[in-house]
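Report on one structure; see the data block that follows.
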Amino acid sequence: MIIMLFKKLSDVSEAEMQRLISRGSGLADVGDTVSAVLSDVRMKGDAALREYTKKFDKVELANFEVSEEEFEKALSEIGSELLGHLRIAAENIRAFHRAQMPETTWFMELQPGVVLGQKATPLESVGAYAPGGRASYPSTVLMTVIPARVAGVEQVIVCTPPRADGSVHPLTLAAAKVAGADKVFKLGGVQAIGAMAYGTETVPRVDKIVGPGNVFVTSAKMQVRDIAEIDFPAGPSEVLIIADESADAAMAASDIIAQAEHDPNAVSVLVTTSETLAEEVEQEVLAQAESTARSEIVKISLENAAVLIADSLDQCIDFSNKFAPEHLEIMVEDSDFVLDRIKNAGSIFIGNYAPVPVGDYASGTNHVLPTAGYAKIYSGLNINHFLKYSSIQKISKSGLESLKETVIALAEEEGLKAHADSIRARFGYRPSK
């Protein structure tokens, strides 16, 4: 029996609301386990990788790096049609992220003799994590590697878990080729994050690690961020749908099921101003859950789901901003009214014909997004995650002279006389010996 929360939003208890808002907060529960694995990888390198790959993936590997022969075999196995679809998705992702690219270097004249600017520089190396396990995720390879390449990152590697026979799914390898990854390693879980953060005999250390994963992977990313920068916490998938009476119940239900099939911990919520729609969606969800291919996972996941009835669109929007969803679908007649008031969302999908899966695969927007409420403080993966910025100042003597008194006054007020003297030195001052 599927137990899904179905209530008027105003009747949701404080405990129920807290469960919805603070979803996915299991990092502390696995922290010690993750820390131990990371420590082993840091100290033992490849030996630890072999140990944990055998323990968790149930496979012994002679080599972690995918060979050129394995890439060629993968490309021959998937066929030209599927490869063509990968290339379509890749080109859309590439085009969208190219549009995000800032001007590499720009300048402005603040005042005569004072020219300020900014220079964007790509990171030197990035490691992309692509989950495995229940399914292969070649789309994640595209979403992580392509923006890094567009940004101009010099070295991009991928880590993804091996299958039981020690291979990587051919579609994942094909995606790595299409996206332009330099190397792919058969490594998953915490040990993969540790390898990319610390470096081993085989796996190069990277400047930044990006990509989603389970609670163990997310915890590992959080723990290594003093060594390698990360994108953001990206855990079990989630969707929030804001709908009114104009929405299609079957479509909304199918989007709830689509999220639920990701993971038993996935979260799907509908908040609507229409009680009729709420009832129809609930019935559709229960029916579709029985017939969908991954029914067992879906039914477990739906225990985290909710159908909520709001008094107004304003109440829907207020709930959404508190929930801060990874994916937000807006299925209302006046979508602009809602969009203008949304503050916190990883990626937004507007209309009955913009379901989350189109963004997951091929529209071009990025599907690596903050979850568990982190959309309040993080943006989804974008070109800026692969760039760093240096400010520039070009100042002439006359320009410095116009700022001289201000700088000297502020420096001396802070008790930093040498700062003030460095300004005076440009105008003939020499400190006494």
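Cβ atoms are placed via backbone N, Cα and C, with glycine included.
Owing to the predicted nature of the structure, the values given are computational and were not obtained by experimental measurement.
For the Zn(2+) site, Swiss-Prot records Gln259, His262, His419, and the single candidate of Asp318, Asp334, Asp360 listed with them is Asp360.
Substrate is bound by Ser237, Gln259, His262, Asp360, Glu414, His419 in Swiss-Prot, and the record lists one more residue there from His327, His385, which is His327. Largest Cα-to-Cα span within the substrate-binding set Ser237, Gln259, His262, His327, Asp360, Glu414, His419: 57 Å. Here Ser237 (substrate binding site) is compared against the recorded positions Tyr129, Gln191, Asn214, Glu326, and the shortest C-alpha distance is to Glu326. Geometry remark: Asn214 (NAD(+) binding site) versus His419 (substrate binding site), CA distance 50 Å. It is Glu414, among the recorded positions Glu326, Asp360, Glu414, whose Cβ has the fewest other Cβ atoms within 10 Å in the structure shown.
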